[in-house]
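Chemist: Below: one structure in structure tokens.
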Amino acid sequence: MTQNLGISVPIMSPSPMFANAPPEKKGVKNFAIDFLMGGVSAAVSKTAAAPIERVKLLIQNQDEMIKAGRLSEPYKGIGDCFGRTIKDEGFGSLWRGNTANVIRYFPTQALNFAFKDYFKRMFNFKKDKDGYWKWFGGNLASGGAAGASSLFFVYSLDYARTRLANDAKASKGGGERQFNGLVDVYRKTLKSDGIAGLYRGFNISCVGIIVYRGLYFGLYDSLKPVLLTGTLQVCFFASFALGWLITNGAGLASYPIDTVRRRMMMTSGEAVKYKSSLDAFQQILKKEGAKSLFKGAGANILRAIAGAGVLSGYDQLQILFFGKKYGSGGA
């Protein structure tokens, strides 16, 4: 999940990627508003969903934890994972890794929202002029490009969040944790694996972020003007429900990719690593079966409430302060 990549909207000198983008009036002001509103909405929603997010990650990566001797037996489900985590580590441990997640998510989501509309202006398709499908495709492309543009610079924070969330007290080693905090994750990973350790799984993440964000933003902005008409335009629950359904669909479509990248993250610092994302995918399928690629998907559906809240909450804030009804990102 990257973010600043030389982006010039128009805060820095233009990069070639944005050279042909249509100019925008009051660009700095709109960019700042997008960044702030998207980031605040994201930070609040992720903190609220942190317990279910940690459970999702624990279930998703439990096979790597068992291999490393950091989990004695598999989780039987969401309830079992919640219960065992609270019993072994305390209630507050459900928020382990949330600080890194908020640090990562604030600029990631804020810039996703801001860049989505900027990329949409680059494609500049109009539904009435260019036709629905060209306009729809432009929305998908702008959503995917926004997500891809926010991948590189904060990827290491996502790695650190994943390692902290999956840092259950070791089943072999007197209940000791592997990491003492965010800085310790960086220190130990750099010592054992170098910079590459912080970016393990990055390539497959690029694919996943385009698939997920393309659907997440593109479908929402494309379907919202069609489905949320009349009084439904300002109905929080209608906007929330649409966002929840779209977040679930996008999440399930890209979930196997997410599993592979996180399983690769978990091998940094370990003696045995996957050779590539394809090797990881093949090994997981061969040794554990296809169902292993979807472990934690149930918790991910619950977690999607946070994603839906970001989208609908952002829209409602825009309506309240700016009288804007459409465009979950800026213009």
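Placed from the backbone N, Cα and C atoms, the Cβ positions cover glycine too.
What you see is a predicted model, and the numbers here were worked out from it, not measured in a lab.
According to Swiss-Prot, the protein has these features:
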type: REGION; residues: 261-266; note: region 'Important for transport activity'
type: REPEAT; residues: 29-122; note: repeat 'Solcar 1'
type: REPEAT; residues: 134-226; note: repeat 'Solcar 2'
type: REPEAT; residues: 238-320; note: repeat 'Solcar 3'
type: MOTIF; residues: 261-266; note: motif 'Nucleotide carrier signature motif'
type: TRANSMEM; residues: 31-58; note: transmembrane segment
type: TRANSMEM; residues: 99-123; note: transmembrane segment
type: TRANSMEM; residues: 132-152; note: transmembrane segment
type: TRANSMEM; residues: 202-223; note: transmembrane segment
type: TRANSMEM; residues: 237-257; note: transmembrane segment
type: TRANSMEM; residues: 297-317; note: transmembrane segment
Chemist: Take the repeat 'Solcar 1' (29-122) and count its residues per DSSP category (helix H/G/I, strand E/B, coil), listing them in that order.
Modeler: 79 helix, 0 strand, 15 coil
Chemist: Treating G and I as helix alongside H, and B as strand alongside E, what does DSSP give for the repeat 'Solcar 3' (238-320) in helix, strand and coil?
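Modeler: With helix first, then strand, then coil, the repeat 'Solcar 3' (238-320) has 69 helix, 0 strand, 14 coil.
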Chemist: If you average per-residue pLDDT over the motif 'Nucleotide carrier signature motif' (261-266), what number do you get?
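Modeler: For the motif 'Nucleotide carrier signature motif' (261-266), the model's average pLDDT rounds to 98.
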Chemist: Tally of helix, strand and coil residues over the repeat 'Solcar 2' (134-226) according to DSSP?
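Modeler: Across the repeat 'Solcar 2' (134-226), the residues distribute as 68 helix, 0 strand, 25 coil.
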